[in-house]
């Protein structure tokens, strides 16, 4: 219910008129089809009395035709309006989800260790369409039809209306609640089995080489057959429950029809209704029940929405703190770290332990260290995503956080796998500078030496990246990202292991280009290899959060046997 | 109609049973309508309801039979659909092991998982719904029409004429919607992917300082998507509208027609009422088929994908077996004119590769990206099959290396060893699940994992991999080494295992690996030069061909391709001769 109040209700309120219109159209469609049956029943009966002139049944004739047309028309517009409303809500939900994710963008991977969480969340939002179209709209329509028919009947005979309300109540309330109760447990169990299957199959396909080599694939088949059999068995039970329910609901419908028929005959005998209406009252039960029976299937889906909302809600738990920005980014930016300590939650050891570092503007500095030595922590401190536990970090005289979003005009980051969006190369590059002219973009492309290659493609810089940029090789993708960084044109550039996964020749070319185009900027080069160290002004070696070695390449070669050994290893001289 | 539909085991039986049940059902529908009409006419005449009880009773019995038959048909169809889809799911999963890892990554692992686990239920839904719906469409209107004609020819003609018009419009509008959808397909894809794309690229947007302002873009694109969707839906919904429209309108026309003829006394009250009740039933099967159209279409497409995949050529282990001896210091593996075609591009990615590996040689395979290193390692480990050339092991000629007797002798370590979503213990004991605890601990210790494991709250039983604790690249390699230590096999194949590691970790891993290589035949693909020095034989790959082979000193002195590669990496000589295959 909390989820309903938080994620569904606000939208119902916001789009109430569209919702009302949709539901009204739905009701009109059902009423029209009921009235078609009712009127045609009357028409046939009245006609059988052979009235002297056709004019006496003129009104029902027109009615029958009008209702026959009204039903499909209302239904058509109901569907259009429903989808339009829901798509509006989805647009808002997407923005809302994005707002929740954006402040914690850098930590999503470490906080939520679930496979493709982002893809799942996007799907969750899509699935919420059904909450409106398949659950809320049909249930509201069914409720209205129920009230409408019971009230109409009550006008003739309140006792019988009560009796019908009871029978229809079974269809509208008892069965849906029973379905919800029975299906909930089964859906949860099924979901569990299915996600186990999902995990196992994904795991197996990614690790298929190991399975093949191990010669034990039969073991996997056996496990898979058992699991899929189990999941199939559950689905069979759910399906059979549905078949049974449908049958039972149809039996009840038949009973309601008979009761109504008998009542109508009885009422006609006592003069409560004209005998001409017996057929109408009897036959109209079926189209009305047609609108009420779907309630069970609609309500049954609620646990699925709950699950999606739960996942979305888990994101919300991390409330971001508001950033205050007072400092204005300048042209130059000297970087100073003084006795910086940083601790992660639940980890006793310091991620950064008394790190002091000065990087004057324009310097090229390399940061080396094993994974977990504190390289990423340092990066996050420099862009203000983390605050030091003690000590100070300053860029251009202010703490990074003091710039707020302005920090990105000061520091840019090129990471290992820069994301390239599913749009053109030009648009990807232009993300670096809003409103960049095409000359500026061309110039950046030329600087990163992609101009020849891109111009050889039929669409030039308007070539699509394709999904996650499959068309371009690793080196080319880094170059496109580099062009984006050039357009961003910040005084400080952090290169976060940009060459991992590239072969040495590609790596060397790329590094040459990078240092050439970034020659006027401060470059913090986080790296795993020692290629290019000779050109650096300063090399910092992090080890368990501390600076283990620091100096120029020449100084380190001279003073540190450890560095010497690593350098020789890297060159293949060792 | 789907040409596969009749080929499934038991589909003919299902069709026949469903057909028979539907025939009886059609009769029940007629009885139901006739007796309901009779009952109403009785009541209309003002008799007490007890006298209409028999008619109501028969009506109710027919009603029960009709819906009971519906229930039975659903069960029969579900049983058939369930059995068939389960069978195909198993075939599919087994097939995946036979098309090999390359084809799997070509199809996209995610797509295949989706096909196996979501495509199969869709396929089942298709079989489950389509068979009874299709038969109902053929049977019920026909039987009803026969009865209606026997009662009143004019109503029969009206209904008979409307049906083809209705179906014609349905098809026509369906095609129009399809055409429009296709015309906008690309825009659609871009718009619908935009949100996921934005979420996945959030870190990059953040670094670019664009993450806050991107919110507007999301809203804008979502709305563009909405408008585009609305436009398509306007056409798409027209096809169900036309169905609805003609069906409802012809019921209305039938009602009016009957009314007019009642006035003229051309038809009795009771038959007219029965016909009125039957008119909507006549259209019901077609409407049902239409409303489930989308559910069944997805399933049909999934079914087609499944059939296509099952028909795909197998690049891998055809179950043959060759009695090759256990690799020892006197064994030889000779490869002559080895060739591999890329199935996608019809182009050789490896050709004319000839060499001999002897005893416990350490063989380095080097070359730039795309030179054919990984292809060669894949052929040697039997993950794919060559398209040409000869392979001999100790003189025994084999067509490929995808057979159990060879693969059982092979340890394989790639750049990113896959860590299964299981415990550390299960991961280490992957190849030897029955290994005793001491052995597992020893392997972990030798691979330098003891400290890491000690830092886990659950020690060896800590969950790692997807959904568990994330390991660094170095730690992944150590797990792979521990696996190889626990289940030592005489041949080791390594594909660039350390290039992505930081230099110190690389050095540590190297120290662990070197002793492991002793008394083994080792193939080691790398472009890290320090590894090359440890090798007895170096194969230099270039553009899919073997350019040079020899020891480090021989090749370096020769000043050929190898020399060039080494010097280019060290930043000395300009390169330009080495070519990738693409």
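Including glycine, each Cβ sits where the backbone N, Cα and C put it.
Please treat TrEMBL annotations as automatic predictions, because they have not gone through curation.
TrEMBL lists transmembrane segment for one of the ranges B:88-108, B:109-129, B:130-150, namely B:130-150. The largest share of C-beta pairs under 8 angstroms with the transmembrane segment (B:12-37) comes from B:130-150, of the ranges B:130-150, B:156-177, B:235-256.
Residues 155, 158-159, 162, 165-166, 169-170, 173-174, 176-177, 180-181, 275-276, 279-280, 283, 286-287, 290-291 of the same chain lie 6+ residues outside the transmembrane segment (B:235-256) yet bring a C-beta within less than 8 angstroms of a C-beta in it.
Among residues of the same chain six or more beyond the transmembrane segment (B:156-177), those with a C-beta under 8 A of the stretch's C-beta atoms are 141, 145, 148-149, 232, 235-236, 238-239, 242-243, 246-247, 250, 253-254, 257, 279, 282-283, 286, 290.
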